[in-house]
Amino acid sequence: MIDKHVFLVGPMGVGKSTIGRLLAGELGLAFRDTDRIIEERTGADIPWIFDMEGESGFRLRETQVLEDVCREAPAIIATGGGIVTQPRNRELMTDFGVVCYLQASVDQLVERTARDRKRPLLQVDKPRDKIVEILAEREPLYRSVADIVVNTDRHGPKAAIQEILSHL
Ligand code: S3P
């Protein structure tokens, strides 16, 4: 029985929400998704928040949501790809649960985010270059908080879940 949160961290498009929802079902725990909670509270989608408040405004909202979900009953919590950029978020996740870093190759991430218009950071001329740049910056941060590292390249969500379960 899990008595603390499981945080899923990793880059955009890696499958945190899909895997998180399935994992929560498997464990009979609630599923939370910080991006969706931010949107519900704001009454607007993420592109709108980035437009109106900039990335820094979004990050403030993200930390507030994380602070709040940490204090709720244990859940599987999918986070936004940039959650690890804020020291306070890294501290909260390591204090309040087990952190699982989901990895995928750049090729996979490019493919999985290709038709997406909801991720402001990837609305650029060369999204692949942006993904490489973001990964270079964040990979050490993901690793610094991770209790479990799971590569999702070769297997589907079900295999990823089995691997996570074997570590819990
Ligand atoms: C972001 C990732 C997004 C969302 C926002 C910023 C990032 O979440 O939080 O667009 O900085 O990597 P996903 O990782 O679920 O796409």
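Positions of Cβ are set from backbone N, Cα and C atoms, glycine also.
Note that the structure is predicted; figures quoted are calculated from it, not measured.
The annotation in TrEMBL ties Gly13, Val14, Gly15, Lys16, Ser17, Thr18 to ATP, and of the candidates under consideration, Arg90, Arg117, Arg119, the one tied to the same site is Arg119. Proximity to Val14 (ATP binding site), defined by a C-alpha to C-alpha distance within 10 angstroms, is shown by the following binding-site residues from Asp35, Arg59, Gly81, Arg138: Gly81. Ranked by Cβ neighbours within 10 A across all protein chains shown, the binding-site residues Gly13, Gly15, Gly81 are led by Gly81. Residues from the binding-site residues list (Thr18, Asp35, Arg59, Gly81, Arg119) with a C-beta closer than 6 Å to any atom of ligand 1: Asp35, Gly81, Arg119.
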